[in-house]
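> Handing you a structure now.
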Amino acid sequence: MKTAAVFSMMFLVSMLLPMVAPEDDSTSEQDVYIVYTGGANPANLAVKESLINRVLVRKNLFDMVTTYQHGLAGFAARMSSSEAMFISQQPGVLSVFKDSYLKPLTTRSWDFLGEPAAPFAGFEDVVVPASSEVVIGFIDTGIWPESPSFRVGKVSRAPPADWKGICETAKDFNSSACNGKIVGARSYVNGSSARDIHGHGSHVASTAAGMAVKASYHGFAAGTARGGSESSRIAVYKACGLEGCKSSAILKAFDDAISDGVRVISASIGPDETDGPIDPLDYLLNDPVMLGAFHAVERGITVVCAAGNRGPLPGTVLNDAPWTITVAAATIDRDFRANVLLGSGTIIKGEGIVFHRLNGSAIHPLTSGEAAKERKATNHAARDCQTGSLSMSRVEGKVVFCETRDKKTALDLQVYEVINNGGLGIIIENDFLKRVANYYGGFDIATTVISTKESLKLKDYLKSTKKPIAKILPTVQIGNYKPAPEVAFFSSPGPSASSPDITAPGVDILAAWSSDERFTEASDRGYTIDSGTSMACPHISGVAANIRSGMPSLSPSGVKSAMMTTAVSTNNAGGPIRTYNGELASPYEMGAGMVHPAGAVDPGLIYETTMEDIRHFLCYRGYSTSTVKALSTTASPSFSCPPGGANLDRISSLNYPSISVRVSRTSRTVTRRLTNIAATTGEGTCWVYKASVVGVDTEEGVVVKVVPTELSFAEVGETKEFSVTFVRSNAGKKVVSGWIEWTNPRFTVRSVFVASMD
């Protein structure tokens, strides 16, 4: 279970039976619970109102927090656990779950992706395409509206004609903040306006839709910071404060965004890394992001989510429902080197952003955490520089080498342990962080990260002399770094029902930040470098907005398909994309590959995953017909789940842009449908595509057959079906992956597949 208390009942009726409320237990502990009655149709809204009017208000058992009525039906209220249990047992209630905190999953990146840049003219207005009618909604920590990234430029000051959102004003957020670039602002954080104090919300919004700005982070990553869809508008839904993002606020943000008229929702949020495994049946009914996303997608809104930062542990991907676009994170072709000069003259390769005074000419005494151990600490704790493990008399004025044998040891706590004991610098051995530039400690300490391989040289040096010395050298920025991209170590991989769908830049991304005086060290004139799948998510949101702008009628699944089938799987050195440790990246780690913005706006063919496919997905996951019909407002009255009940193998038959299949016997066949969205070549002609299978060798133990091997499309909107058969030929590999490519002289439509041989 993801939440501490979950009570689910799968009933649907149009009217509630008479109810007897539990005895008033208002003296017991009260928490906020979310009561969910389904999609926002008349029957489910009636259940919600009846619950409020006939039980809660009449008995005065709670404090109302908020209600949901646009995309979903339900409410959030303060009540005891027994009251929550009582409500969960009423007909028409799909789930009752405790309000919990989620959290944000926390330049040059667009140039690296090959997205054409607009001419730059300093802070003057930039020439951009005509104002887009696409509004991207950001569910995050708010926005810093004065940032140059959010100036209006050539975008119309008038919002799109169908925009129904509002601009909530406050003492620190006046109406001028909604300038046409920003068209909506709401806050669900008590006592707070939509202003971004944290910085995360401004970072993701400017990455997706910010105007071009000359910026740097204290001289690093200098250049033009811009969003991928500069002509798109921004709507802010502040659901996250400094403590995190409340589930009730996230659901309210989705509900309002659906009503306001956004075309794309960007949600770089998810459960805390310490949360336990997710129950397959709970991840929809009790997950605010997946629940809100389902109802948004059903109303034609594209929802983009971060895959999570729990990597590299397998199966930790978040937000991976087939109705969302789930984004993994990768590096770009930029590296920040902060090498170490030892007293012997040896150079140790390091990674980091160094501001500290060690950039001067002095070389300082060097010690290890183990040698600087506090008397009562264990050797293991001291080696890793864990909290309370070091002695000030042995650390003060020195550079400290810290290992990371315990993978749970947090880098920032290692840094603060050295700072608190008077250290001048810290060298951290950590293979995971070696391609992520860190500036922990800011101006208080010089910090660099080295690999295990490089640390062997340092350890040998420490053994060779009684008075070791070292200097952490100034950071050097390396451009056109190869190979790139690499899947980031922290990016949460599958396997799952859909794994990550696609990969985007998420390491060392320069973008706007808060200029709040309490957090000025974290930014340089309102810009900072940050890493996480949070940073990858808005790259995809910007691409989605561009697709929606050029093809307004394209469905959310069409937008997803356009990106997945045009993604690339090679790096800038001409080889296959790899992970942080040099291994080949699988679809479990990178999905379909690295997004290709220019290709995604003209994909040729798409896989249309219909809402009927999604409803069948829920059936195959174990939801009953009545529950699915309560969830989905577009289900026909005659809808029923296919016979056979829960069956995860049948999910492979859904018309998804990728294929994940289990071949338990000699062979397995799945079908797919492709729809032409490209204009034909002229009267009496058609688009002809030929199929090929890429990336599978005969030695791998499976033969992949596509039937037919040729598809012809004579008109826009025409759909053709094909089948893919996976035949086991020998023992081979347990998991085989590759691509099915449909090609003609203009288009290449790629579908990644993974076949597991159980």
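Any Cβ shown, glycine's included, is placed from N, Cα and C.
Heads up, TrEMBL stuff is auto-annotated, nobody curated it.
According to TrEMBL:
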type	residues	note
SIGNAL	1-22	signal peptide
DOMAIN	32-102	domain 'Inhibitor I9'
DOMAIN	132-592	domain 'Peptidase S8/S53'
ACT_SITE	Asp140	active site, charge relay system
ACT_SITE	His200	active site, charge relay system
ACT_SITE	Ser534	active site, charge relay system
DOMAIN	654-754	domain 'Subtilisin-like protease fibronectin type-III'
> Could you state the whole-number distance in Å separating the C-alpha atoms of Ser534 (active site, charge relay system) and His200 (active site, charge relay system)?
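It is 9 Å, counting Cα to Cα.
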> Give me the count of other Cβ atoms within 10 A of the Cβ belonging to His200 (active site, charge relay system).
26
> Treating G and I as helix alongside H, and B as strand alongside E, what does DSSP give for the domain 'Subtilisin-like protease fibronectin type-III' (654-754) in helix, strand and coil?
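When I sort the residues of the domain 'Subtilisin-like protease fibronectin type-III' (654-754) into the three classes, I find 3 helix, 58 strand, 40 coil.
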> Far apart in sequence but close in space: which same-chain residues, 6 or more away, have a Cβ under 8 Å from Asp140 (active site, charge relay system)?
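The answer is Pro104, Asp196, His200, Gly201, Val204, Ala205, Val236, Tyr237, Lys238, Ala239, Cys240, Ser266, Ala267, Ser268, Ile269.
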> Just how many other Cβ atoms lie inside 10 Å of the Cβ on Ser534 (active site, charge relay system)?
30
> What are the helix, strand and coil residue counts for the domain 'Inhibitor I9' (32-102) according to DSSP?
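Looking at the domain 'Inhibitor I9' (32-102) with DSSP, the answer is 26 helix, 28 strand, 17 coil.
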